[in-house]
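This report refers to the structure that appears directly beneath it.
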Amino acid sequence: MADSKNVVWYITLIILMCGPVISLDSNSTSKSSNTNGSTPQTLIRGGINSDLLNVSSFPDVQQLRSLLGNGSLALDIMSSMFRQLMSPIGNGTSSASLSGSPIIEQILKSQQMAMLLATPIGQQLQGILADGGPGKYLTSAMSKFSTSCQSDVQILLGAISKGEGWALKFLDAIGKPPSGILDGQLLWLGSYDQCVDAKTFNTTTEFRGQYCLADIQMTGILPSMPGVPAKITFALCVPDTCQLNGLGLPLLCDKKESFLDDQSAVAITAVVSVLGAIILLATMYDVIRQLVLKKTKMSQVTEMDFMALPPEKHMNGFTNPPSYSETNPDKPSSNKYDMNPEQYEQGEPGIIGKLLLSFSIYTNGRKLLCTQQTSESLTAVNGIRFLSMSWVILGHTLTFAFFFQENAGPFILKAYKEWTFMAISNATVSVDTFFALSGLLVAYLSLREMQKVGSVKKFNWIMYYFHRYWRLTPPYMLFLFFYSILFPYLGNGPYWFSSSYRDWEMCKESWWTNILYVNNLVKTDKLCMGWAWYLANDMQFYILSPLILIPLFVSPVVGGIMSMIFLIITTVVPGVIAAQKHYSATYPDISGNPAMVDYFDKVYIKPYCRMGPYIIGLITGYLLYRTKRQVNIPKVLNLLGWLVAACMNIAVLYGLYNPDNKHVLIEPESAAYTALSRTAWAIGVCWVVFACATGNGGPINTLLSWSPFVPLSRLTYCAYLVHPVIMLYIYGMRRTAVYLAYPEMVCTFLGYLVIAYIVAFVISLAFESPMMGLEKAIFRQGRK
């Protein structure tokens, strides 16, 4: 591996020094000097200290040939370029002759080469070249190249030395050192489009440009900066006949993959096409039935009654749960909101018609966009759900940008000194809001259904689990297959094929863990759709919830004891792990604590560390069930409750603000924060829901119950699924690095928010709503 790294260092020096500093004229020749200045000349601005580089350390042609056996034109040219480049430096002089295109002229006038060589990076380059002759490393690499690759490289280098226009595109497309290297500008992406569009002209062989990214580890050379990997990533543009992937080199080249050659992609496309055809047919059938055929008007139950499903029927932060009678299919529904308007039409459709209507955009769209609510609704949940989802998208907007940034180091250091940034750095608690809402709604609805059927034994536990899996899994799986199979063919760019970016490739090995909802426990080093860890946790909490729900229904005392046992376990475990592993209090962490490298796997995604908010939600749902939402809280006590809840959440969100590092948390303090903070946050959130549901919310309840939040809240599940993929697509298609700045991040966030909900609406119509319709059609048919 050490040999391969030195090969890249060698190539790097050739590119960084030959590319930007050799002036090439379209009419020039390969001669090393010319009195009229029309031939290639060296140009280094800024007065480089000649002590930094020693010309004698560079091997001449004969030395390289002795190492490689039979020499090649490429090595002749490389050596000639080196000697031509280094001669003025060794003599302490520089030449200022320049000709060629305006673009190349600007590149050659750059002072960044002087800056680069004056830093430890340049000294490291010199040291590697002087260490025993790098030709032996070049030998081991070139021996792996195909004959056509070596021949085309010779043609390319020869054309570059002659200043031919097509070859200059290859040269100009490489990554070059920019400003801000010491501030973390380590992404030298060059020009992706120019490279892939470059091709030979009037040569014996034909080849096009192939874009590659090479990594050079700079640990211990560059200063450590938060959010900035200690490596330089730079672009190469080489002939596409050179297959450099898989040679053991720290570089990766763009591969042109054919969609038609991928049977899985073709199969998924066929499935999506069939589904689209069914949706179109169902919509046409539905429109004809509802708009062409006459319907009997109902005096007691209207279509709007049907559409106004109680918004509290969302048993996690995202999805619509069953109506009460759906957990007991043997008992007909007595709830008017469970009724389907087709039941009252003349000529009610049969089972095939009902199944087809489940895919209708017309009916499903009207249901999704309906803003009517009933008196039974927990209306404040709608606003909390949408605002929390917006917060998740805001946090991911910045988090994802770190993979594509050029100034993360300075930005983060400045941002963490501003107290307002704590709402973004601690945005991970937004997920705990969804855990709390999920537990609250599961308890509230399930306990009401147990009371309705008369006992725990009569409660349909099979439907309890089946319904959950059925509602979540079909849209989840369809989107997972789209993401892992089709998505890779939808884009291109310097980031698109990067190994650190291709998250979808992990799905090939671990997709089954997503289907079983164990992706937070199994193969966590190969997470498929990394953000889906939440769904695994929520499903696991749902599976375990009867262990608390049944005791609560039978005996409040026994239920309270079970709740406390679970709560103590999920509080103590993360605290103990944090203490043993020496974790910091915050995640993401910018302190440089090396122990935080495995925090995500050991604490962040583990159910035994994240169940605290869910249990708080279960207890709150039980209180709403027992009180029947009829609680008259005195004004003073009500204000005190709001004050305590606000102080708890403010302490969790802003309590660690420490701009001047005057107080660095010791390990027990960090462990205590890790153990208690998320549960404390959930208590504050659940107070808001409880107060609003019992009529003690005042203007806050009015705001959170705003009717437009109703359809937006129905889309949160799909919005959670799709928004990271939207970000990956837009960021992945970038040709330049992201410059982190508040105005740009705000505009980017708002764009992602709008696009995510538009796409979520489409996904919900195509995948989520049809699955709910199919379930209703099948099980209601069975009850007749």
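Residue numbering: from 1, along the chain as shown.
Glycine is treated like the rest: Cβ placed from N, Cα and C.
From the options 71-89, 565-583, the stretch TrEMBL describes as transmembrane segment is 565-583. Residues 424-447 are the range that TrEMBL records as transmembrane segment, among 232-255, 424-447. Most Cβ pairs within less than 8 Å of the transmembrane segment (603-625), among stretches 386-404, 539-558, 745-767, belong to 539-558.
By the Cβ criterion (under 8 Å, sequence separation of 6 or more), the transmembrane segment (714-733) is in contact with the transmembrane segment (386-404), since 3+ such pairs are found. Using the rule of three or more Cβ pairs under 8 Å, pairs at least 6 apart in sequence, the transmembrane segment (468-490) is in contact with the transmembrane segment (745-767).
Take the transmembrane segment (539-558) and the stretches 386-404, 424-447, 565-583, 745-767: counting Cβ pairs under 8 Å, 424-447 has the most.
For the domain 'Nose resistant-to-fluoxetine protein N-terminal' (146-272), the model's average pLDDT works out to 81. Residue counts of the domain 'Nose resistant-to-fluoxetine protein N-terminal' (146-272) by helix, strand and coil are 45 helix, 25 strand, 57 coil (DSSP-based).
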